[in-house]
Amino acid sequence: MGSSSFLVLTVSLALVTLVAAEGVKGGIEKAGVCPADNVRCFKSDPPQCHTDQDCLGARKCCYLHCGFKCVIPVKKLEEGGNKDEDVSGPCPEPGWEAKSPGSSSTGCPQK
């Protein structure tokens, strides 16, 4: 096998690998956007998901509160959201406390 044949084979294998990896990583993105995350982390939590397809229902895989989690997405105002509607993201889990200035759970049910 000549050096030019080897080069063509190597480049072809590299392209096939990149295309296959992109297909696995990408998947179909669900509607909505991930909520803003203004929490600073010293250490990331292990991921609970890698793509939107790992999440049930309408939930999206988003980086939130120090790790990737399945969360209810924020509605875009252009997609029929009400301008008075709170679109800051999902309410935190019970027991969550604001970890940075400006973080709050305004509009969430009280414990």
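Backbone N, Cα and C define each Cβ position, glycine as well.
A disulfide bond in Swiss-Prot ties Cys66 to one cysteine from Cys34, Cys41, Cys91, Cys108, and that cysteine is Cys41. Disulfide connectivity taken from Swiss-Prot links Cys55 to one of Cys34, Cys70, namely Cys70. The disulfide-bonded residues close to Cys55 (disulfide bond), defined as a CA atom within 10 A of its CA, are Cys49, Cys61 out of Cys41, Cys49, Cys61.
Taking the C-alpha atom of Cys61 (disulfide bond) as reference, the shortest distance to any of the disulfide-bonded residues Cys34, Cys41, Cys70 belongs to Cys70. Long-range Cβ contacts of Cys70 (disulfide bond) within its own chain (separation 6+, distance under 8 Å): Gln48, Cys49, Asp54, Cys55, Leu56, Arg59, Lys60, Cys61, Cys62. Assigned with DSSP, the residues of the domain 'WAP' (27-74) fall into helix, strand and coil as follows: 3 helix, 12 strand, 33 coil. A sphere of 10 angstroms centred on the C-beta of Cys55 (disulfide bond) encloses 21 other C-beta atoms.
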